[in-house]
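**Q** Please read through the structure below; I'll follow up with questions.
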Amino acid sequence: MDQFTLNLLVVGATFVLYFGIAIWARAGSTAEFYAAGGGVHPIANGMATGADWMSAASFISMAGIIAFGGYDTSAYLMGWTGGYVLLAMLLAPYLRKFGKFTVPEFIGDRFYSGSARFIGVLCLLIISITYVIGQMSGVGVAFSRFLEVSNATGLYIGAAVVFAYAVLGGMKGITYTQVAQYIVLIIAYTIPAIFISLQLTGNPIPALGLFSNEVHTGQPLLQTLDQIVTDLGFKSYTEQSDTTLNMFLFTMSLMIGTAGLPHVIVRFFTVPKVSDARSSAGWALVFIALLYLTAPAVAAMARLNLINTFYPNGLTSAPVSMADVETKEELKWVKNWATTGLLKVTDLNGDGLIQYYNDGATALATKLADAKKAGNEAAIAEAQAAFDAKVAETAAKMAEKNPQAADWKGNELTVNNDIMVLANPEIANLPGWVIALVAAGGLAAALSTAAGLLMAISSAVSHDLIKGQLNPGISEKGELLAARISMAVAIAVATWLGLNPPGFAAQTVALAFGVAAATIFPALMMGIFSKRINAQGAIAGMLVGLIVTVVYIFLHKGWFFVADTASYSDSAPMILSIKSTSFGAVGALINFIVAFAVSKATAAPPAHVQDLVESIRIPKGAGVAQSH
Amino acid sequence: MADKSSSNAYWAANIRTIMIYLVVWFVCSFGFGILLRPMLAGIKIGGTDLGFWFAQQGSILVFLVLNFAYAARMNKLDRQYGVEE
């Protein structure tokens, strides 16, 4: 059986499973549509939260980012798990006790203000829609590679699938579908990791393999990796090269951003009891940790495998040739991925071999490409000279270790972060069914997150905006219809933006975390832990947090992500060494300060609101989730 | 609804618990994984140092323990102060 048929069979089988569950669990009332009637067991809810949380970014991108970033990118591992500690202790149990369906609803009730609720909806929409775009592009990449269709077709297929089960199933369909998706994605992530860990270290548990000895050299895997990458001119894998300030703030932003993501928070509204909300956060983290403990091992091993593949006889011998890529069966993946444009091979020095190393000229290469695009001869010549000089300098330095390096004319292989996990089983020459399984897993991760996000978007629009503010008298049937229409619109918008991305998926996702950290998290936390924060304070805090964070990101990434409108760059940021992706934590701090100052200067919240705060702090008296 | 003084005492006990657990949360991630890593550089593990392990795996394991410990502790406090569901 060829690889294409195998992919089709495995992906097809998982889809039949998801649809079967969605039809079996079709929602009847609005309560079931949003919150599965409050009747989801903590373990099932934990798995579903895991699937909801682990998106294309976790499954497809994260290990690749770590593979090329090393220790500096540990922020993703700590940030995207540590947020669950904050959720469990600072938000989840109290929001469950509150007993309503949506995050803006809590903000509206606690701050007794329609405007606060509206700002909540606005933040939720910014966060969730930017996040959906990332999922849509992930689905596009996975479908286009494995079903051998164009990126656009892949995106359309993905959009149709998401539409079908999110719109028909509602939350309950999604909860049980997401349990199935979690199982598919964790198996798909773990199996190739086990194979590769066995090949490289002989240890069947990848998380332990990372700190074991490598079988060929007999020395620790990380030490081997460090040596190889530094010999090729890359930064050390285990040493810190980012500033401590930026790494600290980036980790903090991802952590509180995680705790402030509405589609994650809403999961804790669906458990039967307050105590279940606490244990659900624990179970969710168990299922998330299974992937997150494996991810750093996948990252280091993928990086080592990639380099070993291109230098099969060691760094001082000749690397793989262009002809090998064309003819050798085990290198077929290079050609396959080259057609997607996410991997590029160019024989710069014309010797027929592929030299993969850090020529130190990445920034200069970008400048050269820009100059060529602009077409100014003098500028091209100048950029070319700068690039050549840097490359020659690196080559001379590397020639001390490797005599051939003197003839190198620049790095000849570029690999996009996002393909590392998907291509990993192919690089390691694993059996065809493993490759098909990884495709199914990547799709499960992207689709489950997209579905959860669409739920959050549709409930914000139909429940908070239409029923809460525009048309309070709307019937239950009308509300469900509005929810489904807003989902369809959100899918259309996300698909369109997935085809015409305003920037790379990773950049837009950074916006989502920054906004969640700077707006939703502080508002919820202050709403629970302080009785003194009033409507004026919360509104001012959220608005200022939102504006400073978005403006800081736009100043570095370009206004609305149009690249040439940026005034600063993340390599030379505006304030100290704080990159735009790390600014959410600063935005949150500003939100806290503004909210406290404004609340202090204005009147205390009314008595019934203070009673509400009293009541959400104790578990006693929690009923099932209620509509108005 | 529980009487006011017992729910106030319950809330104070909850806040104390959260403070202690968040100190552990901070020390094992931001501390050992980032700020204090140079201090742990002497402790070698699998070709690198303990700080690297905390940043990539140890912190996650600590988070897991914290979440379940908090759930268990709060269930106990709920009963002790008579505010359980």
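Cβ atoms are placed via backbone N, Cα and C, with glycine included.
According to TrEMBL, the record shows the following:
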type: TRANSMEM; residues: A:6-25; note: transmembrane segment
type: TRANSMEM; residues: A:77-95; note: transmembrane segment
type: TRANSMEM; residues: A:116-133; note: transmembrane segment
type: TRANSMEM; residues: A:153-170; note: transmembrane segment
type: TRANSMEM; residues: A:182-200; note: transmembrane segment
type: TRANSMEM; residues: A:247-269; note: transmembrane segment
type: TRANSMEM; residues: A:281-302; note: transmembrane segment
type: TRANSMEM; residues: A:433-461; note: transmembrane segment
type: TRANSMEM; residues: A:481-499; note: transmembrane segment
type: TRANSMEM; residues: A:505-525; note: transmembrane segment
type: TRANSMEM; residues: A:537-555; note: transmembrane segment
type: TRANSMEM; residues: A:575-598; note: transmembrane segment
**Q** Counting only residues 6+ away from its ends, which parts of the chain sit with a Cβ under 8 Å from the transmembrane segment (A:537-555)?
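**A** Hits for the transmembrane segment (A:537-555): 107, 110-111, 113, 115-116, 119-120, 122-123, 126, 510-511, 514-515, 517-519, 522-523, 526-527, 561, 565-568, 574, 580, 583-584, 586-588, 590-592, 594-600, 602.
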**Q** May I ask for the residues of the chain that lie six or more residues beyond the transmembrane segment (A:505-525) and have a Cβ under 8 Å from a Cβ within it?
**A** 56-57, 61, 65, 86, 90-91, 95, 103, 106-107, 111, 116, 119-120, 123-124, 126-128, 130-131, 133-134, 137-138, 252-254, 256-262, 265, 417-418, 538, 541-542, 545-546, 548-550, 552-553, 557, 561, 580-581, 583-585, 587-588, 590-592, 595
**Q** Return yes if the transmembrane segment (A:6-25) and the transmembrane segment (A:433-461) have at least 3 CB pairs under 8 Å (sequence gap of 6 or more), otherwise no.
**A** yes
**Q** Considering only Cβ pairs within less than 8 angstroms, which of the stretches A:116-133, A:433-461, A:481-499, A:575-598 has the most against the transmembrane segment (A:182-200)?
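**A** Stretch with maximum Cβ contacts: A:433-461.
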**Q** What residues elsewhere in the chain lie close to the transmembrane segment (A:433-461), defined as a C-beta under 8 angstroms and at least 6 residues from its ends?
**A** 3, 6-7, 9-11, 13-14, 18, 34, 51-56, 58-60, 101-104, 121, 124-125, 128-129, 131-132, 135-136, 138-139, 142-143, 145-146, 158, 161-162, 165-166, 170-171, 174, 177-178, 181-182, 184-189, 191-192, 195, 262-263, 266-267, 421-422, 424-426, 482-484, 486-487, 490-491, 494
**Q** If you count Cβ pairs under 8 Å, which stretch among A:247-269, A:481-499, A:575-598 touches the transmembrane segment (A:116-133) the most?
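**A** Result: A:481-499.
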